[in-house]
Amino acid sequence: MSGDDLWRGGRDLQAAADAVGLGAWRVELGEERIELSAEACALFGLPAEEAGPRSTQEAWRFYAPEHRAPIERAFRDCVEQASPYDIEFEALTAAGQRRWLRATGEPVRGDDGGVVAVRGALQDIDPYKRREAELREAWREAERTDRAKSEFLSAMSHELRTPLNAILGFAQLLNAGIERDPEEHRAYLRHILSAGWHLRDLVGDLLDLARVEAGKTSFSPEPVRVGELLQECVRLAWEQAVERGVSIRLEEAAEGSACRVWADRLRAKQIVLNLLTNAVKYNRDGGSVTLSFHPEGEEEVAIDVRDTGIGIPRERSAALFESFERLGHELGEIEGAGLGLALALRLSRLMGGDLALVASEPGEGSHFRLRLPAAEAEGHDRSYGPSLDPQLLDDAEGEAPIQLLYVEDNSVNQLLLQGLAGQRGGVELLEANDAVGGLEIAERYAPDLILLDIHLPDMDGYELVRRLRAIPALEAVPVVAVSADATDEARRRALASGFDDYILKPFELEELNALIREIRLSK
Ligand code: ADP
């Protein structure tokens, strides 16, 4: 190798050392001094001019205090036992910053074979250490998520299977046909119904929560009069409150009577109803619930729900808004899945508001406050519909029955509608199993009402409604979608395709009954 090659090799080596942040050091034993190369100085944040010997005592300040002992030990072993070392530590730079370095050390032997000096390299490993810490944190986070997912699945399995057990269990008893007294029979049916409704709500909450977490919830905000919203919620919770022996009072603050919030009406109702039913559920016999509201500044309206119930222990309140968190009520009598508040909090925040537990005292009661953005006071509010009448009755006896076409491929759903039509009377049911059959019957009979399943074997309901709408004789016939797809997109798509309304499965029979009643009365 020529001298020139060597020189170039030295330069290249220098460039390589610079690229990976590599410096050299050497300690002469007995002289108590350490020599640092210019690169090693740079690693400690020192200017290159400070390269050269300095006292080992002074060098100690470049090591983070908690790393000094292992370095000292490794150095001592190297001197005493001639053992090389390779150690990672945190340095303190001249500017006071921490930087991860790797230090290697090896003994240098004198003529007599004894160790006379120690030399080694210093390497900047800070980027790797930081990346490693990030990866470790990401790993821990993945483990946490994985654990949460398993817990979620196990909680969900439990929550879904419990009501299913009641439904299938009591249905099997009824199916076995051992007729006891009719009261027992009715009690079994009540259990089936109550477990079924509970399951429906649970599935609704679960889907809602999944949509919220996936950022897929859509809102249609409008000015909503708070007084009316609360009245509607009270009406919906009334029966449950009476059963529980709890009274509900709605305080209407004078300044609040024109109070409006800017919110999605259905979502706002869902949140308040959740707070209200909780206040009833977790109350005591003879207890009470008070609802009130007031403007908070110009921007917000506060809705307060106070109860005289069992309260929430302070140490548990931190977990109150977590999903599947029941705060010790898991094994109790009170039904619930621990999803309501988790969902309510997320929904209220997505609407620009918030939800909080203001105060709670075990044995005394709780006070929740929902805050929603205020809307201007003017304008007209949509009124709420009439209260639901749970009886299935023919309301226009003697008059000609209406013709109802139901296009549905599922035989159990067909049976359900046959049952409803048979019970209430006043309905002549026409049925088709597929879209083509449905079109044929619709054209031939021009029925008064058409109900369409969306998932049909030969054509989807969106297409079918478009074709129905193209038939002039059917122009004025209401066509209603009956679907199990609870997403807002599905509902929007159905209405845009020409449906007049959208009924979600499972539905309360009263929902269909009301539709039929309306059409009979308008005939
Ligand atoms: P769920 O009622 O289905 O269990 P929520 O998410 O609505 O679920 O409430 C979570 C938990 O918070 C409940 O299980 C209950 O322990 C507690 N909680 C909620 N509201 C009240 C209240 N008004 N009084 C006492 N405890 C309550």
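Each residue, glycine too, has its Cβ placed from N, Cα and C.
Annotations in TrEMBL come from automatic prediction, not curation.
Annotation comment: TrEMBL describes 85-137 as domain 'PAC'. Marked as domain 'Histidine kinase' by TrEMBL: 155-376. What TrEMBL lists as domain 'Response regulatory' is 403-520. The annotation 4-aspartylphosphate is assigned in TrEMBL to Asp453.
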Helix, strand, coil residue numbers for the domain 'PAC' (85-137) per DSSP?
12 helix, 30 strand, 11 coil
What is the Cβ neighbour count of Asp453 (4-aspartylphosphate) at a 10 Å cut-off, with all protein chains included?
25
As a test of reading the model: what is the averaged pLDDT for the domain 'PAC' (85-137)?
94
Quick check: in three-state DSSP terms, what is the residue listed as '4-aspartylphosphate'?
strand
